[in-house]
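To keep things clear, I will list the structure first and then write my remarks on it.
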Amino acid sequence: MFNEVYDVIVVGGGHAGSEAAASAANMGSKTLLITMNLQNIAQMSCNPAMGGIAKGQIVREIDALGGYSGIVSDTSAIQFKMLNKSKGPAMWSPRVQSDRMRFAEDWRLLLEQTKNLDFYQEMVSGLIVENGKVCGVTTSLGVKIKSKTVVLTNGTFLNGLIHIGDKNFGGGRAGERAATGITEQLVNLGFESGRMKTGTPPRVDGRSLDFSKMVEQPGDVNPEKFSYLDTTKPLTHQRSCHMSYTSLKVHDLLREGFDRSPMFNGRIKSLGPRYCPSIEDKINRFADKDRHQLFVEPEGWNTVEYYINGFSTSLPEDVQFKALRSVVGFENVKFFRPGYAIEYDYFPPTQLKHTLETKLVDGLFFAGQINGTTGYEEAASQGLMAGINAALQVQEREAFILKRDEAYIGVLVDDLITKGTEEPYRMFTSRAEYRTLLRQDNADIRLTPKGFDLGLASEKRLRRMEEKHGAAEKFVQFFRETSVTPDEINPVLEAKNSAAIRQQDKMFKMFARPNISIDDMKQVASVSEYIETNNLDGEVIEQAEIQVKYSGYIAKEKNNADKLTRLENIKIPANFDYSKLQSMSLEAREKLTKIQPVTISQASRISGVSPSDISVLLVFMGR
Ligand code: FAD
């Protein structure tokens, strides 16, 4: 059935697998996507939403490089919000509420239109490995398929075990079977594996809810979108979410099920996502809180199904039901599906290189939840990077690695492979030390040229970015070069309680004042004329405004990042023998031996490696 040797086989059609398959195929690699159920391509296992704090930046980065997640997030969106708009632009984070079914359908249709990509529905049960190199996969039906590289993106499916109260059963996700065979083989090959846990809330029938008792949460008045391409459009109408709260009564009802809770009776042993705790975890850990927020999120444009964000639980279904009926607006609630928790295997990501290729088996890449991460965006970005690097390896081209000052994706991969993770890893803005550089508005400027060089981002994408960037730079230059007289600017400054000027000054200095916005500057005739004459759109104006207002911070971070690059450039020889560095701490020697960092900079980020350990290393290397 499969006579040819594929360049890349991607195992799993979730968020990681879909991006991996798309990127490898779009870069010209003959690619096969094997997944257990072709009906569930890019299925949203948990919340019907993409983006959010730090995750929205990741989706923009994927789009800038030429991935599909941003496009699909736009075409399947039912609501858009730019989170954190009251804070500085480094914190602005786009988020959409998605039509769950349309998201999966749009992904599948996009993949079907992708050249060089074949599909096959089956469970991969093993890898073909010869002389330390992967050569293909075998399936549960015994089909052997050859390839030069394999990307594993098994998500929550490896030996997945679903828990609802005191019941548990094998499964990769509700209604889908678990994947077996792969973990056992990888462990035999010398890989270390672990267990993690995650959970999801019940889904309910919207017709049984009383929304008049809840607080409406509409989308933005002027919604934006994810993709930098103009093929997707901002929403012209949106669906609202709603908000309600738990109460002490709800908490008491939930507590009644604690003795049957797999979380508390020791049946679930693995760690779950710290920042996405179950409702039982919340009322247990924050016993002093008398209520918790619940967001009632529609699952699509037309469906009556709703997702109860904030009520993730693995308590028995009768307890879930009784407690939810006591929430305001939920008095007559009907369940579509109960919440549940799932435990699954993952592989500590310190076993990977920066390319997401495993250190143990050549040509074998891991991406997504299998690496101990949580979230669609984290998974999708790893899939993109693994797909790109698998294709590059086959084409014998240089690996593609993003640095920490270039992209959140760079921070994510570097954190994973350098520090590892013992609990499900999710991205936060605080994880990025250069977040002023890594904004959602400039992901195209940062990354589209790289995506184009890879053969992934289209020429159209590159041209759009160049036009936007060029126009914004010119507008900033206009502010630098143009002076403004007291007569022109003082009325604007006075209206904002900003000190008046006595003699003419540069427009840039006025605009850079913290409480002066572009709308204020537009009151100066020359500014509004410039905008009109040059036909500047909102994106260009916003970009110029950020460049003017945050130029000091941006310059400072660039300077710090340049210092890092100098350290980054000091390479450590492969298989370096740290045992001979007796003046280095034992812990540092052990960690460095395990991780085998590629550069001094990476070594400095390993937990347990102190600045003095780095000095020892630098002295040894003659620096
Ligand atoms: P998945 O989306 O899980 O996709 C894996 C794919 O691989 C599936 O299509 C599967 O069929 C296929 N597959 C697996 N093994 C094989 C095999 N051997 N052969 C062929 N195909 C295979 N994330 C959050 O951020 N917050 C949450 O609160 C949250 N809660 C969750 C709750 C539950 C119950 C579940 C199941 C997931 C939850 N997630 C949550 C995680 C989120 O769904 C994942 O982070 C994301 O889907 C990971 O993407 P992925 O591509 O790595 O894997």
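Even glycines carry a Cβ here, placed using N, Cα and C.
Sequence-distant neighbours of GLY14 (FAD binding site) (same chain, 6+ apart, CB under 8 A from its CB) are THR35, ALA42, GLN43, SER45, THR153, GLY155, GLY368, GLN369, ALA379. Secondary structure at GLY14 (FAD binding site), as computed by DSSP, is coil. As annotated by TrEMBL, FAD binding site applies to GLY12, GLY13, GLY14, HIS15, ALA16, GLY17.
Under the heading NAD(+) binding site, TrEMBL lists 272-286. Annotation for ASN284 (NAD(+) binding site): same-chain Cβ neighbours under 8 Å, separated by at least 6 residues, are PHE258, PHE264.
Screening the binding-site residues GLY12, GLY14, HIS15, ASN284 for a C-beta under 6 A from any atom of ligand 1 leaves GLY12, GLY14, HIS15. ALA16 (FAD binding site) sits 34 Å from PHE286 (NAD(+) binding site), counting Cα to Cα. Within the set of binding-site residues GLY12, GLY13, HIS15, GLY17, the entry lying nearest in space to ARG274 (NAD(+) binding site) is HIS15 (CA atoms). In sequence order, VAL10, SER18, GLU19, ALA20, THR35, ALA42, THR153, GLY155, ALA367, GLY368, ALA379, GLY383 are the same-chain residues whose CB sits within 8 A of the CB centroid of GLY12, GLY13, GLY14, HIS15, ALA16, GLY17, the residues recorded for FAD being left out. Taking Cα separation as the measure, GLY272 (NAD(+) binding site) is nearest to HIS15 of the binding-site residues GLY12, GLY13, HIS15, GLY17. For the pair CYS276 (NAD(+) binding site) and HIS15 (FAD binding site), the Cα-Cα distance reads 19 Å.
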